[in-house]
Each structure stands twice: as C-alpha cells, then as structure tokens.
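**Q** Per Swiss-Prot, the feature Zn(2+) 1 binding site maps to H17, H19, K103, D251. Summarising the annotation, Swiss-Prot assigns substrate binding site to H19, L20, R21, N45, H140, L223, H255, A267 and lists sequence analysis as the type of evidence. Taken from Swiss-Prot, the feature Zn(2+) 2 binding site covers K103, H140, H178. Annotated N6-carboxylysine per Swiss-Prot: K103, in sequence order, evidence recorded as sequence analysis. Summarising the annotation, Swiss-Prot assigns active site to D251.
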Amino acid sequence: MTAPSQVLKIRCPDDWHLHLRDGDMLKTVVPYTSEIYGRAIVMPNLAPPVTTVEAAVAYRQRILDAVPAGHDFTPLMTCYLTDSLDPNELERGFNEGVFTAAKLYPANATTNSSHGVTSVDAIMPVLERMEKIGMPLLVHGEVTHADIDIFDREARFIESVMEPLRQRLTALKVVFEHITTKDAADYVRDGNERLAATITPQHLMFNRNHMLVGGVRPHLYCLPILKRNIHQQALRELVASGFNRVFLGTDSAPHARHRKESSCGCAGCFNAPTALGSYATVFEEMNALQHFEAFCSVNGPQFYGLPVNDTFIELVREEQQVAESIALTDDTLVPFLAGETVRWSVKQ
C-alpha cells in the first residue's frame, strides 16, 4: 500500500456483510456498493428469507441485473438458517458455489428475523454438516430473551451460545458479525484461527451518546445497538492493532426515510456510500493507516479461503459533503453521515 499525504491506494476491498434488500430498493442501492467493492457477502433476510438454492440463484441474478455496466462486482450469497432447514440443501448450495456461507439469526434479533433459529440445538444437524464441509457460519451474536437488557445481549450471547457452540464444533469456521463490545473484541482476539469478526463504520466512529444525547438520531440506530465509549474504544484498538481476523463488514442496511424517522423506527444504517472513507478516517485517527488495506482487502479473503482482488482503488483526502438524501421511487433514503463533511472519499 502506498500512502502519500493525500492519496491512499489499496487493493480493491470487499464488504463481508451487506444488505441489498429487493425490488426498487435493491436497484437503488446496489451501485453504491458495486462501484467500490469487488465482492460482498449478501444477507439473506428478505421476506420470505433465502433458504433454498433456487431462491439464492434468483436473488443473485436480480442483484447482477442491478449492477451498472462497467462495474466488476460479485455478490456472494448466503443461506438463512431456520429450524427446519435441510442440511442436504445447504450442502448442495455450497458445493455448487451458490452459497458462500450460512447466516444464523436468533429469532427476532433484527430486521426480518422472525424465521430465525429458536435454539442452536434445533439446527445442530445443519451445523455439524457445515463443520464437515468447511462452510463458514455467520452469526448475529445477540440473545433475544425479553429479560436481557439490549446493551447486554452481545456479551450474554458469547457465554451462553457462542462459546458452547465452538466447544462442541471445534472445526466450525465462525464469523462473529458486526461486533460492538469489548467483550466480543477480546473474545475474537483470544480465539483461534477459525474465529473472525466484522466491524461496521458506525460502531468504530460512534457510541450511544452520539445517538441519544441532545436528541434521538434515528439514522444511527442499528442492531446490535451502539454501546458505551469503552466498547467503541476497544473496537478501534482492535482494528488499529493490525489483528488479521477482523475485517470490513459495513452491515449497510437501507430503510426508507419514513421507516427510520418514525415513532417505532427500523434498525439499520445505509452506509454504503460513505463506509470506506469512514473506515479510513478511523484508521488515520488511530495512526494505523498501515493496517487499513489488510482490514479492507486482505483479511476477509484470507479467512474465507478466497483470492484477493487484483485491481486497486484510490481514496483521496479532501473534504467532501455527503448528500442529504438519495431518491427512491416514493420516498428518500438518508445515507450515513448525511449532510456532513467527510475527510476521505473514493477517488472518482
């Protein structure tokens, strides 16, 4: 990686956690990812969720149809785990190169997760098959019991679900997605080579004070929810250390403005347009730009056993203002950092 004062040239990055939705929303948001990233792990939480090879093939085609000419982008599809999923269907999709990984959502943990897994025991035959064939498990790591405080759900998940699962299936490759706590950062750092994590730009840049002090900022509301400052700092220190089992996963999750700015607003930040520059800003603030390329472009492929991309992109350090909104057919989409001035952006 070369890093003169104003330009960062890095190998083309990948996004290892992305929501593209469907229909008109998909057509609107895909280009913001496909112009920057070589590949993206696409989340399967549509309504209904992607649980079959045929559904994944059809969804992949809808994504590819939305990629503008001249963009070189490969969507990597995932299977949504349910209590009733057939292990043979999962293995067939993996062997045919349709499914790159499978996603475990605890039931009702986040958007469109009502079909999710009620308990790990319920899907043990599926997980055992995944361990056998070397298929990565992607985990939304929160418990959903009503009596557990929302700020404690990730830490509780580690002790009650994640660690028992990894003790039981020691060869299973696991990605602890969008980690938000010091507990998770420590757990992944202290784990073995079969455990990795993704981190979003919002969890590196902000903590719960930013979302709640001086007024509620619904466009910072996502799940897992922003935590207190000590957790934000632990995440920043993890990425700044150059640790090689943490990588870029934006969790970009678009919702129309009226669904965010609501008396019961949806969780998710649409950060695809600004994520890469946001990550660069964090690495610069931490004096860790030497580790930026690995986080964006190397660590993920290494964990998944895929080649790194062979093209390069440049980020430029010059102030730019983020658009206030992006037009949808019958509403608008508010991007992460809307209306704000950002330090780094992708060179056009």
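From the backbone N, Cα and C atoms, a Cβ is placed for every residue, glycine too.
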**Q** Show me the subset of N45, H140, H178, A267 whose Cα is within 10 Å of H19 (Zn(2+) 1 binding site); these are the binding-site residues I mean.
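**A** Among N45, H140, H178, A267, the ones whose Cα sits within 10 Å of that of H19 (Zn(2+) 1 binding site) are N45.
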**Q** Determine the Cβ neighbour count for H140 (substrate binding site): the number of other Cβ atoms within 10 Å of its Cβ.
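**A** There are 25 of them.
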**Q** Would you list the other residues of this chain near Zn(2+) 1 - those whose C-beta lies within 8 angstroms of the C-beta centroid of H17, H19, K103, D251 - in sequence order?
**A** L18, I41, M43, N45, L138, E177, H178, G249, A253
**Q** Quick one: give me the count of other CB atoms within 10 A of the CB of H255 (substrate binding site).
**A** 25
**Q** Could you check which of the binding-site residues H17, K103, H178 is the closest Cα neighbour of H255 (substrate binding site)?
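**A** Spatially nearest to H255 (substrate binding site) by Cα position is H17.
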**Q** N45 (substrate binding site): which of the binding-site residues H17, K103, H178, D251 have a C-alpha within 10 angstroms of it?
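**A** Checking Cα-Cα distances against N45 (substrate binding site), the binding-site residues within 10 Å turn out to be K103.
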**Q** Are there any residues at least 6 positions away along the chain from R21 (substrate binding site) with a Cβ closer than 8 Å to its Cβ? List them or say none.
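**A** Non-local contacts for R21 (substrate binding site): V29, L46, P254.
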**Q** Going by Cα-Cα distance, which of the binding-site residues (L20, H140, H178, L223, A267) sits nearest to K103 (Zn(2+) 1 binding site)?
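**A** Answer for the nearest of the binding-site residues: H140.
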**Q** Based on DSSP, name the secondary structure state of K103 (Zn(2+) 1 binding site): helix, strand or coil.
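**A** The three-state answer is strand.
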**Q** Inside 10 Å of the Cβ of K103 (Zn(2+) 1 binding site), count up the other Cβ atoms and send me the figure.
**A** 27
**Q** Measuring Cα to Cα, how far is H140 (substrate binding site) from H178 (Zn(2+) 2 binding site) in Å?
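**A** Taking the Cα atoms only, H140 (substrate binding site) lies 8 Å from H178 (Zn(2+) 2 binding site).
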**Q** Could you say whether, by DSSP, A267 (substrate binding site) belongs to a helix, a strand or a coil region?
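**A** Going by the DSSP assignment, A267 (substrate binding site) belongs to neither helix nor strand, so it counts as coil.
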**Q** At the level of the C-alpha atoms, what whole-angstrom distance separates H178 (Zn(2+) 2 binding site) and D251 (Zn(2+) 1 binding site)?
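**A** With distance taken Cα to Cα, D251 (Zn(2+) 1 binding site) is 7 Å from H178 (Zn(2+) 2 binding site).
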